[in-house]
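Each remark here refers to the structure printed beneath this line.
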Amino acid sequence: MAAGPRTSVLLAFALLCLPWTQEVGAFPAMPLSSLFANAVLRAQHLHQLAADTYKEFERAYIPEGQRYSIQNTQAAFCFSETIPAPTGKDEAQQRSDVELLRFSLLLIQSWLGPVQFLSRVFTNSLVFGTSDRVYEKLKDLEEGIQALMRELEDGSPRAGQILKQTYDKFDTNMRSDDALLKNYGLLSCFKKDLHKAETYLRVMKCRRFVESSCAF
């Protein structure tokens with residue numbers, strides 16, 4: 001392996017292992033650039049995990065001929081679409097960093113309850129063997145976003161919008177067609193919401209710290 005790629009991989013792993021700053025005034029304080037880099041890496045990892053889980057579930061349980069029609073039904077509707085959040089990179093660039101952080105936090109927090117049931121639903125024969133750690137990873141990203149909010153809001157983040165609705169828990173009755181459709185829809189929303197959160201964080205990081213990876 002060339003020195004350049006190997007160094008990048010080691011750096012990424014090191015950033016994933018870094019703890020977040022617990023207090024704004026803590027010493028030594030983590031630079032803002034590192035906070036953003038840490039958050040982006042965690043969001044990318046979660047988004048990829050969600051995408052892999054969705055694909056594996058689809059391959060295992062959803063007949064190929066039914067996938068398109070199911071994706072266009074109410075089961076595929078994500079309630080997060082009712083939040084006035086940007087739907088893509090271009091819209092995200094029109095919002096302030098604080099707004100994007102609040103939207104990211106809302107998206108992450110809306111899944112903290114439902115994902116606790118993932119490990120009860122999926123078997124270890126699938127990719128879901130890591131599902132019992134998804135909650136921990138989401139909590140870690142939530143903490144990172146809150147650390148960024150403290151930095152950008154001078155240590156006193158204002159109360160954000162409170163979600164009046166959250167996602168249902170995953171259905172453990174995998175022999176039911178209704179349960180399969182429900183879980184399929186939830187996994188689709190989970191993937192979409194994590195993609196949004198990742199996009200928001202990458203937009204913020206790129207416009208604050210111009211770099212070659214800004215093209216996405």
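Cβ from N, Cα, C; glycine included.
Keep in mind that this is a model prediction, so the values were computed, not measured.
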Original post:
Which cysteine out of C189, C206 is the one Swiss-Prot pairs with C78 in a disulfide?
Top reply: C189
Original post:
Around C78 (disulfide bond), which residues of its chain at least 6 apart sit with Cβ under 8 Å of its Cβ?
Top reply: S188, C189, K192, D193
Original post:
At the Cα level, what's the spacing in Å between H45 (Zn(2+) binding site) and C206 (disulfide bond), rounded?
Top reply: 18
**OP:** Round to the nearest Å and give the CA-to-CA distance linking C206 (disulfide bond) with E198 (Zn(2+) binding site).
**Re:** 12
